[in-house]
Amino acid sequence: MEIRKKPNIFTVLVIDFSSKPSMALLLAILLFLSGPSASAVAAAAVGPATGFKPADDILIDCGSKSSSKTPDGRVFKSDQETIQYIEAKEDIQVSAPPSDKVASPIYLTARIFREEATYKFHLTRPGWHWVRLHFLAFPNDKFDLQQATFSVLTEKYVLLHNFKISNNNNDSQAAVQKEYLVNMTDAQFALRFRPMKSSAAFINAIEVVSAPDELISDSGTALFPVIGFSGLSDYAYQSVYRVNVGGPLIMPQNDTLGRTWIPDKEFLKDENLAKDVKTTPSAIKYPPEVTPLIAPQTVYATAVEMANSLTIDPNFNVSWNFPSNPSFNYLIRLHFCDIVSKSLNDLYFNVYINGKTAISGLDLSTVAGNLAAPYYKDIVVNATLMGPELQVQIGPMGEDTGTKNAILNGVEVLKMSNSVNSLDGEFGVDGRTTGMGKHGMVATAGFVMMFGAFIGLGAMVYKWKKRPQDWQKRNSFSSWLLPIHAGDSTFMTSKGGSQKSNFYNSTLGLGRYFSLSELQEATKNFEASQIIGVGGFGNVYIGTLDDGTKVAVKRGNPQSEQGITEFQTEIQMLSKLRHRHLVSLIGYCDENSEMILVYEFMSNGPFRDHLYGKNLAPLTWKQRLEICIGSARGLHYLHTGTAQGIIHRDVKSTNILLDEALVAKVADFGLSKDVAFGQNHVSTAVKGSFGYLDPEYFRRQQLTDKSDVYSFGVVLLEALCARPAINPQLPREQVNLAEWAMQWKRKGLLEKIIDPHLAGTINPESMKKFAEAAEKCLEDYGVDRPTMGDVLWNLEYALQLQEAFTQGKAEETENAKPDVVTPGSVPVSDPSPITPSVTTNEAATVPVPAKVEENSGTAVDEHSGTAMFTQFANLNGR
């Protein structure tokens, strides 16, 4: 937040939230500057404030020989009174003539540094602190302050980099206030002023003031996809805008924390669509979870609603545009309070930021618990979604959900420190640039998720130790297996197998029952060297059975509730699924409360390992197509091959496993969900893997088979580009594979980013068809995405185009050789049912496969990668 003020030669105070301050704002400020009586009128207009006593309240009037009292009643100490804070080889004190029209006496003096100077403050209590820096470049005979260029740094953060007031301001003679919110973890806080070579640094006043810990919680919501975001306390913030929507200017003495709130009119895109509403501040009642320190009653007592929302077409949004820096992430705090409804549960609306849905179907009655009850929401907007302006919009829901209206009471826009802990520019305190940063938003989210997992694990350990004595009886592995499928699968008992185990085995069709000793022997007593995978359930080991068969042994961790839940789900799913392109369950073990599942061993491991990261021989384009086709068959079977469709919910390249012949099989059904007959979605908490998650699933928390389609689209791009879905080490625009690849696709230059190993080997038409399939999978809305059957059809066609291309090149090569007749040679007919007619290797005539019918039960040859798939795989399984 910047505050500009003019003394005698600079006559007005301007709060610089944009380049065009409104007339209402200027009038309110002039009232404030006119004297105590006017201030009292302004205070009465906005109402009383709830006080907060900061542990640290350091106010310095730099360059002053005596203390100064500001119009809001605060006292700033002089240089002599604060000499213990400053470390400087030399400094120059300058002043301007006194004037009754100066906004505040702190702008009449300044301190100038020609070399680096440091203020060191000993804090009473570490934690969140406001840091406010005041600047005004008034004329003096020592130095032209308008040309001063300098940086301001803390031990960890860059607050200002090569700051020059004439560049920062449309009016270089106006005062500027920079406001920051920093979480100080040490008892000492250092503030360094570093002038540029042959220049100087200056400062008029400094504030270091404690802020309440609850002002910034550690968690919020990330935008697009909408997902929980943790770690907000790890950032520093610059207050850029603080807006009282639909209300007047609120001066510091009328705010609960001495903040300034400006009116919203200069940011409102179309005033004709907005209507101001208000109530008395005393009508605002804070719920227990919202402290009055978040925002005063006067913010929540005013709002903007949709103009004429009851009489005109309500299908419009009210928009506010805020100039911003697209190089930074932003924390947007939105304030809501339902002061327009006459009854509960009558107002539902959507909130959008930069065109993306930030909050869908906001029901203030539910989240706030009452009418006139404050509620706020923190939204983190990644720099990849930023432009020169930040846009906030409110609008009604597009369905019959009560009154067609939407409201907003307040907006705060805070710039977040970047990957090198800078709030201004790309250089960190240690000279690193953002290009060298080791973490960004995605990496931070990943770290926080891992940290949360450790916290959850600790809670589970505590719960495990406190378990009742009869826990084992009530929670044996077999006890929670539900008799889902009374199949007729044959089974074998192991040596010493119990009747109880055989009963569950035959009921569930789980295959062979293994004793614990058998699996210990098979895995060398679960030796660490045998681990081939790790998940929330526990470890996966490679094992060798008595007959030499290699298996994958998944051993559950009883201390992980997530693992138990996923085990239950996986057993329920696998007990009724049999398909060539789904990993098969061989058997299980529940001895001594163990939770162990035994699967067929996939010797070539995850698909991802063959694309990047493992230095394995690169796959050909045909091999990649066949693997994608096999995976698509498996997913299509899940969606349509059972009475109840199944949504995998965690489709990714590590969950597509390859056997010794590179046949693809979909694995890991721990997050899968059944879809009841007649339903097209499942309302459920958002789960999955970052980078693959369906954005619509995030927004609506409604899981559909199109969520799998979206994730599979990301897998297709991995196959084409041979890089991870998310890579935080890359430049910002390349972090997300789906977004990056689609940008190149729209430019018609996708071939520029494909795996270099594929260069010159792909038929352009095959790649075009493949890329079109991926693009359709990645549509924002599920209704616009194809079914897995449609995806499979397109992949089959891409494969046929590639095979025709390859055959055409082979024929050209053969025709270029001299004719040689080999005695006894006999022409061999092509066993493939497709005989492409190749005119040239540029354009091969390929029969288009018949469209896949979603519920076709006719079997075709699943073993041939060259067969023309006019019908679908046997959905009855085998």
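Positions of Cβ are set from backbone N, Cα and C atoms, glycine also.
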Where Swiss-Prot places N-linked glycosylation site when the choices are Asn254, Asn505: Asn254
Closest of Asn183, Asn254, Asn382 to Asn317 (N-linked glycosylation site), Cα positions, glycosylation sites only: Asn382
Asn183 (N-linked glycosylation site) CB neighbourhood, other CB atoms within 10 A: 18
Top Cα neighbour of Asn183 (N-linked glycosylation site) in the set of recorded positions Asn254, Asn382, Asp650: Asn382
Conformational class of Asn254 (N-linked glycosylation site) under the three-state DSSP mapping: helix
Rounded inter-Cα distance in Å - Asn254 (N-linked glycosylation site), Asn382 (N-linked glycosylation site): 33
